[in-house]
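J.: Here it is, the structure, as structure tokens.
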Amino acid sequence: MGGVNEIGSNKAVSVATTPPISAPHSQFHSPSLSRSPLLASDDHIQPANKTPRISTPRFVTPLGSPIRRALQLTRLDPHDAWLPITESRNGNAYYAAFHTLCSGIGIQALVLPVAFTILGWTWGIITLTLAFIWQLYTLYLLVQLHESTETGMRYSRYMQLCSATFGEKLAKWLALFPIMYLSGGTCVALIIIGGQTCKMFFDVICGGTCTAQPPTIVEWFLIFTSAAVLLSQLPNLNSIAGVSLIGAITAFGYCTLIWVVSVIEGRTEGVSYNPVRGSTEVTRIFDVFNTFGIVSFAFRGHNLILEIQATMPSDEKHPSSVSMWKGVKIAYALVAMCLFPLAIGGYWAYGQRIPENGGMLTALFVFHGKDTSQFILGLTSLFVIINALSSFQIYGMPTFDDMESVYVKKKKKALPWWFRAILRAMFGYGCFFVAVAIPFLASLAGLVGGIALPVTLAYPCFMWLKVKKPKAFTPIWCLNWVLGLLGMALSGVLVAAGIYVIIDTGVEVSFFDPR
């Protein structure tokens with residue numbers, strides 16, 4: 001292991017000198033670098049002009065002890081101490097649950113009943129259940145792959161693990177675009193949804209009594225974006241744990257409010273549960289596959305799991321995977337309590353009449369806007385806005401990390417606060433420009449779900465096989481191969497189905513004309 005050499009059984013352990021890298025003194029003993037963080041680099045953070053030596057007597061630390069092995073496995077990346085994902089490693093299972101829940105529940109869940117209009121009751125429930133179990137299994141694989149006690153590596157970013165497994169060139173072809181969309185594209189969608197919901201909230205509060213001229217939809221986009229950019233100035237992923245908690249509470253709140261109100265109000269007049277059938281056999285087949293894309297899109301968030309786990313301390317006695325998996329189990333128990341009642345209750349209430357654009361949120365206002373308390377409608381809208389603002393922070397963090405890493409790796413020092421503020425504002429208002437230019441992006445859920453599906457359901461299986469190397473033809477070997485190949489095949493079919501459905505049914509394209 002580079003940087004740690006064992007010199008005899010009764011001799012000291014020394015750390016070899018490396019070119020000094022300037023770093024703030026507080027980082028050398030910062031809690032963010034405590035408990036052997038197992039970072040992935042051969043470099044070590046050291047104060048300039050000093051060569052640390054660790055003298056460990058044999059009678060205090062016998063050969064093979066956890067402390068000795070932890071020293072042998074530790075490799076510190078000096079850049080990670082200055083990047084927003086890994087700057088602070090003081091997270092815990094509760095922080096992990098907050099982040100996971102905030103990223104795991106979102107507006108995409110509100111269109112799940114749309115999938116039921118094609119699949120019907122039986123296949124809709126079966127598809128949703130299998131997708132939930134499948135993505136929970138692959139999420140478990142990613143948690144276990146985050147760190148390796150054999151190599152001392154800690155893969156703090158999805159792309160980093162993908163590159164280490166498949167090679168840098170192949171990883172860019174396979175995962176770069178889906179990950180970029182799941183970060184930047186999601187932020188664009190959140191601006192669209194957040195801006196539209198701001199308008200709905202204003203209409204509910206105003207109630208037609210306001211004399212002032214209401215903002216246009218573009219101005220609502222701008223207002224939402226400005227709030228998101230202001231909130232994005234929080235420095236790192238751990239610092240937004242409170243924001244993620246608020247986002248998780250509001251997501252759970254509006255999902256529950258929507259399905260409860262829909263069920264209490266009862267089934268709408270003329271509701272039908274007969275699956276929608278296309279005019280031709282080919283159309284019907286592609287419609288079914290497109291709904292699979294909608295379901296898979298509801299389970300996005302895997303691209304953030306490694307980043308969330310990177311905020312947690314780890315050593316041989318207390319690996320981060322234990323606390324992370326505890327947080328994930330808490331989060332996904334609540335996710336299930338939201339998604340299943342939302343999909344089943346929404347389909348029961350609206351059947352084939354569920355709006356394709358906006359799903360349950362639109363249905364609530366269209367069918368119950370007059371007979372439901374304005375307080376409930378306003379509270380639901382407010383929860384959606386707050387959740388969108390919170391989700392923007394966690395989905396934008398990987399992009400913030402990428403932008404700041406360019407400066408950090410070149411200058412070998414932390415990014416100045418004013419430069420960080422400029423970069424994050426540029427990202428936020430760049431997303432605003434795309435949201436105004438392509439306001440129909442949210443209508444492509446099926447297509448986007450197919451493109452992003454391998455990140456969630458396929459790549460973790462292949463990465464597990466490559467890293468863990470299970471014995472051929474064992475049950476775990478067969479399971480991962482089947483799921484990985486099935487995920488890739490399903491992704492290809494879903495992309496084709498999404499394109500076909502868009503061509504066949506059409507999408508209301510309105511560049512620079514949000515409505």
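Cβ coordinates are placed from backbone N, Cα and C, and glycine is handled just like the others.
According to TrEMBL, the feature domain 'Amino acid transporter transmembrane' maps to 90-502. According to TrEMBL, the transmembrane segment annotation covers 93-115, 121-143, 173-193, 240-264, 330-350, 375-396, 417-438, 444-465, 477-503.
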J.: When you look at the transmembrane segment (477-503) alongside the transmembrane segment (330-350), do they share 3+ Cβ pairs under 8 Å, ignoring any pair fewer than 6 residues apart in sequence?
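T.: No; fewer than 3 Cβ pairs under 8 Å.
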J.: Grab the same-chain neighbours of the transmembrane segment (477-503) for me: Cβ-Cβ under 8 Å, and only residues 6 or more beyond its ends, written as numbers and ranges.
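T.: Distant contacts of the transmembrane segment (477-503): 134, 137-138, 141, 282-283, 285-290, 292-293, 296, 444, 446-451, 453-454, 457-459, 461-462, 464-465, 470-471.
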J.: Look at every Cβ pair spanning the transmembrane segment (240-264) and the transmembrane segment (375-396), keep those 6 or more apart in sequence, and say whether at least 3 of them are under 8 Å.
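T.: In this chain the transmembrane segment (240-264) contacts the transmembrane segment (375-396) - 3 or more Cβ pairs sit under 8 Å.
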J.: Cβ pairs under 8 Å with the transmembrane segment (417-438): which stretch of 93-115, 121-143, 173-193, 375-396 has the most?
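T.: Ranking 93-115, 121-143, 173-193, 375-396 by Cβ pairs under 8 Å to the transmembrane segment (417-438) puts 173-193 first.
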J.: Can you say which of 93-115, 121-143, 375-396 has the most Cβ pairs under 8 Å with the transmembrane segment (173-193)?
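T.: Checked against 93-115, 121-143, 375-396; highest Cβ contact count belongs to 375-396.
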J.: Which sequence-distant residues neighbour the transmembrane segment (93-115)? Criterion: at least 6 residues beyond either end, Cβ under 8 Å.
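T.: Those are 124, 127-128, 189-190, 193, 237-238, 241, 243-245, 247-248, 251-252, 255, 258, 291-292, 294-295, 297-301, 304-305, 308-309, 311-312, 323-324, 326-328, 330-332, 334-335, 338-339, 342-343, 346-347, 350, 354, 356, 358-361, 384, 387-388, 390-391, 394-395, 442, 445, in sequence order.
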J.: For the transmembrane segment (121-143), could you work out the same-chain residues 6 or more beyond its ends whose Cβ comes under 8 Å from its Cβ atoms?
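T.: Contacts with the transmembrane segment (121-143): 112, 115, 158, 161, 273, 291-292, 295-296, 298-299, 302, 305-306, 309, 321, 324-325, 328, 332, 336, 339-340, 343-344, 347, 456-457, 460-461, 463-464, 480, 483.
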